[in-house]
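*Asks:* This structure is in structure tokens; I'll ask about it shortly.
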Amino acid sequence: MRLGLCVVALVLSWTHIAVGSRGIKGKRQRRISAEGSQACAKGCELCSEVNGCLKCSPKLFILLERNDIRQVGVCLPSCPPGYFDARNPDMNKCIKCKIEHCEACFSHNFCTKCQEALYLHKGRCYPACPEGSTAANSTMECGSPAQCEMSEWSPWGPCSKKRKLCGFRKGSEERTRRVLHAPGGDHTTCSDTKETRKCTVRRTPCPEGQKRRKGGQGRRENANRHPARKNSKEPRSNSRRHKGQQQPQPGTTGPLTSVGPTWAQ
């Protein structure tokens, strides 16, 4: 009988303890939830007393601000300068630009606006526009200079050397193009209109007729180049006499007679 009473007493005490513990736990949960709802700022769905907001509303962006050794979350409608917005289904975040002197960026490595007095060129910030680029008139952005409009290159011409197409093995060939439009009409700012490259062909002898024409042309050019040399030559005199012919003595006239050997009678 006593044993039965002891068992009943133990069961009743255990039930009382279990009910009391559940009540205490429920009260503690309600107290934490109430404190959390009071500490979270407007637009924050989940927050912590130590780290601030942990999750913002869907239309807001969470920004982690450093406070000593902690990072505190803040909900903002847009990201501040030096940050770009990264949207994802879980939560929108503000991520800091990693480009030096950048005020606004499209991604962590592509700037869209530099700090004051700096020039923007291909997603980077510079104190001056790089070589080969110029600043726009009303912005601090560097761009390529106005380009000339050029025609297509012509086919490569035949391989030649000194305007000859034969008698050589190594020569050159060229191709050309035209300027269709130049900014301000200044063609000097445009690219080259002629290109030349070396070429090698199988050596072929020039035709005989071409050689003769070249030789005759060379003689005519020499004659035209040195006309005094031809006039300086004196005509050959008829002073050459046949062997044995006697010249007339001064003061005598008449034909010359041959002087032959005299034979004794």
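For all residues, glycine too, the Cβ spot is worked out from N, Cα and C.
Heads up, here are the entries from Swiss-Prot:
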- Cys40-Cys47: disulfide bond (DISULFID)
- Cys44-Cys53: disulfide bond (DISULFID)
- Cys56-Cys75: disulfide bond (DISULFID)
- Cys79-Cys94: disulfide bond (DISULFID)
- Cys97-Cys105: disulfide bond (DISULFID)
- Cys102-Cys111: disulfide bond (DISULFID)
- Cys114-Cys125: disulfide bond (DISULFID)
- Cys129-Cys142: disulfide bond (DISULFID)
- Cys148-Cys190: disulfide bond (DISULFID)
- Cys159-Cys166: disulfide bond (DISULFID)
- Cys199-Cys206: disulfide bond (DISULFID)
- 147-207: domain 'TSP type-1' (DOMAIN)
- Asn137: N-linked glycosylation site (CARBOHYD)
- Trp153: C-linked glycosylation site (CARBOHYD)
- Trp156: C-linked glycosylation site (CARBOHYD)
- 173-192: region 'Disordered' (REGION)
- 201-265: region 'Disordered' (REGION)
- 34-85: repeat 'FU 1' (REPEAT)
- 91-135: repeat 'FU 2' (REPEAT)
- 1-20: signal peptide (SIGNAL)
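How about a rundown of where these features are and what they're close to?
*Replies:* The DSSP secondary structure for Cys40 (disulfide bond) is coil.
Cys56 (disulfide bond) carries a strand DSSP state (E or B). Sequence-distant neighbours of Cys56 (disulfide bond) (same chain, 6+ apart, CB under 8 A from its CB) are Gly43, Cys44, Glu45, Ile62, Gly73, Cys75, Met91, Asn92.
Secondary structure at Cys79 (disulfide bond), as computed by DSSP, is coil. Listed in sequence order, Phe61, Leu63, Asp85, Cys94 are the same-chain residues at least 6 apart in sequence whose CB falls under 8 Å from the CB of Cys79 (disulfide bond).
A coil conformation is recorded for Cys97 (disulfide bond) in the three-state DSSP classification, outside any helix or strand. Counting only same-chain residues at least 6 apart in sequence, those with a Cβ under 8 Å from the Cβ of Cys97 (disulfide bond) are Gly82, Tyr83, Phe84, Ala104, Cys105, His108, Cys111.
Cys102 (disulfide bond): 25 other CB atoms within 10 A of its CB, across all protein chains.
For Cys114 (disulfide bond), the same-chain residues that are 6 or more apart in sequence and have a Cβ closer than 8 Å to its Cβ are His101, Cys102, Glu103, Leu120, Cys125, Met140.
Non-local neighbourhood of Cys129 (disulfide bond): Tyr119, His121, Ala135, Cys142, each in the same chain, at least six residues away, with C-beta under 8 Å from its C-beta.
Taken residue by residue with DSSP, Cys148 (disulfide bond) is part of neither helix nor strand, so it is coil.
The number of other CB atoms found within 10 A of the CB of Cys166 (disulfide bond), across every protein chain shown, is 13.
DSSP assigns Cys206 (disulfide bond) to coil, not to a helix or a strand.
Residues belonging to the domain 'TSP type-1' (147-207) score a mean pLDDT of 84 in the model.
Around Trp153 (C-linked glycosylation site), the C-beta neighbours below 8 angstroms that are at least 6 residues distant in the chain are Arg175, Thr176, Arg177, Glu195.
In this view, Trp156 (C-linked glycosylation site) is surrounded by 13 other Cβ atoms within 10 Å of its Cβ, with every protein chain counted.
Residues 145-160, 199 of the same chain lie 6 or more positions beyond the ends of the region 'Disordered' (173-192) yet place their CB under 8 Å from a CB of it.
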*Asks:* Taking only C-alpha atoms and a 10 A limit, tell me which of Cys40, Cys166, Cys190 are near Cys206 (disulfide bond). These are the disulfide-bonded residues.
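*Replies:* Within 10 Å Cα-Cα: Cys166.
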*Asks:* Select the most exposed residue of Cys75, Cys142, where exposure means the fewest other Cβ atoms within 10 Å, treating these as the disulfide-bonded residues.
*Replies:* Cys142
*Asks:* Using Cys47 (disulfide bond) as the reference point, find which of the recorded positions Cys148, Trp156, Cys190 has the shortest Cα-to-Cα distance to it.
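*Replies:* Closest candidate to Cys47 (disulfide bond), judged by Cα separation, is Cys148.
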*Asks:* Rounded to the nearest Å, what's the C-alpha distance separating Cys190 (disulfide bond) and Cys199 (disulfide bond)? Just drop the number here, would you?
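*Replies:* One finds 27 Å between the Cα atoms of these residues.
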